[in-house]
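These notes are about the structure you will find just below.
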Amino acid sequence: MCMKKCLVGLTFCTCYLASYLTNKYVLSVLKFTYPTLFQGWQTLVGGLLLHVSWKLGWVEINSRSRSDVLTWLPASVLFVGIIYAGSRALSRLAIPVFLTLHNAAEVIICGHQKCFRKEKTSSPKICSALFLLAAAGCLPFNDSQFDPDGYFWAVIHLLCVGAYKILQKSQKLNKLSDIDQQYLNYLFSVVLLALAAHPTGDLFSVLDFPFLYFYRFHGSCCASGFLGFFLLFSTMKLKSLMAPGQCAAWIFFAKVITSGLSMLLFDTILTRETMGCLLLGGFGEALLVFSERKGS
């Protein structure tokens, strides 16, 4: 059983690393900055693969009532915000910076639990949220590659992530399994992003993309779609096999590896001040892992 958990954890880390590096390559190196098309493609591939997996009996998707689907609709809107804003931010920010800002969504979740749901919050978790907030707050003032648009979309991204996770934990939405939720997210995202492709200008602007007919672009886009699905599948497997503390540890490990390797593969300038902010954020997430393991 221990070997199986380790294998699932390593598979998750591999998918996480490959997914982020592939997306960063398409968005920053090839400069395919048409998020409605890129994210629409990824969700279309993910939705089709999830549907095929359901038909083959690999996963179970339950048919729910219309009320359950409508109840989940606000979360699906937030999911579109997560992937759209995340794509815009990742195209402009280094992966370590993006992940540090992404982790700050935990501050929203912790604040909601403490202030609105009146849940008892452990000291390590509160300290973790404070460190994550400090890291995210200091980064814009110490980033030598500061990009206002990148930070703007990263803030939108983390707000959507925080709100999505709060809705996901809501008692009213627990009727839907993780697979059901993601299936609805994929369906809604494909429709909404397809409708938004023309108003945003992406549909016709993409015709001027210089690598539109290059195999590197086609191969990278295909890989991004499949890797996104495999990351989803491995994440769900990870959560089903492991306690929350173990799961959080593997996610933290995947982020550390991804951040470290991305600095070697992409043009990243990190000053001592920037590294200090990133390490502060890493320490905050390590505290979060500790609080999760202690709670489990």
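Using N, Cα and C of the backbone, Cβ positions are placed for all residues, glycine too.
Looking up the ranges 40-57, 112-129 in TrEMBL, the one annotated as transmembrane segment turns out to be 40-57. Recorded stretches compared: 40-57, 69-87, 183-201; the one with the most Cβ pairs under 8 Å to the transmembrane segment (213-235) is 40-57. Here the listed stretches are 40-57, 69-87, 183-201, 247-266, and the one with the most C-beta pairs under 8 angstroms to the transmembrane segment (150-167) is 69-87. With a cut-off of 8 Å between Cβ atoms, the residues of this chain six or more beyond the transmembrane segment (40-57) that come close are 83, 179, 182-183, 185-187, 189-190, 193-194, 197, 221, 224-226, 228-229, 232-233. With a threshold of 8 Å between CB atoms, the same-chain residues lying at least 6 positions outside the transmembrane segment (183-201) that come near it are 36-37, 39-40, 43-44, 46-47, 50-51, 54, 61, 69, 72-73, 75-77, 79-80, 83-84, 176.
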